[in-house]
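Reviewing the structure listed below.
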Amino acid sequence: MAVLWRLSAVCGAQGGRALLLRTPVVRPAHISAFLQDRPIPEWCGVQHIHLSPGHHSGSKAASLHWTSERVVSVLLLGLLPAAYLNPCSAMDYSLAATLTLHGHWGLGQVVTDYVHGDASQKAAKAGLLALSALTFAGLCYFNYHDVGICKAVAMLWKL
């Protein structure tokens, strides 16, 4: 209540109420009957939010990509204890695939957010793809020709 009083002192008698209760996002249904449709003073700093039209929103592929990123993250949460409890070659290759994919998608978001310009972004994404492919190939080589990821981590813990 003190916040509403403070806003009304700053924005005028109806400003605080208009700021907090006239927007459909915040206004409860039982309060809307008591509010009158008065124009909101522009000097109070109230702005209307315009949502982007449906045809400008992301594609279905972006939604599936986001969902698959979450699935891989949850899969890693289950794979790590399972690999500790049951170290075998299937776990080693599963970890190699999911860790590489998780790292590739995470670093891809870093490239998207922080690398600017078309040419440099394409070069960074190509370098990331090469790094991810080499990482996966190296982990698979390590799993096939050496002790594997699970046993290597266990050996590191014994040190």
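Cβ from N, Cα, C; glycine included.
Per Swiss-Prot, the topological domain holding K60 carries the same name as the one holding H116, which places both on one side of the membrane. Swiss-Prot lists transmembrane segment at one of the ranges 7-27, 91-111, namely 91-111. Nonlocal intrachain contacts for the topological domain 'Mitochondrial intermembrane' (143-159), taken as residues 6+ away from its ends with a CB within less than 8 angstroms of a stretch CB, comprise 83-84, 87-89, 91-93, 95-96. Mean predicted confidence for the topological domain 'Mitochondrial matrix' (57-63): the pLDDT average there is 74. Taking only the Cα positions, the spacing between H102 (heme b binding site) and Y114 (ubiquinone binding site) is 19 angstrom. Note on the topological domain 'Mitochondrial intermembrane' (86-90): residues 143, 148, 150-151, 154 of its chain, located 6 or more positions outside it, place their CB under 8 angstroms from a CB of the stretch.
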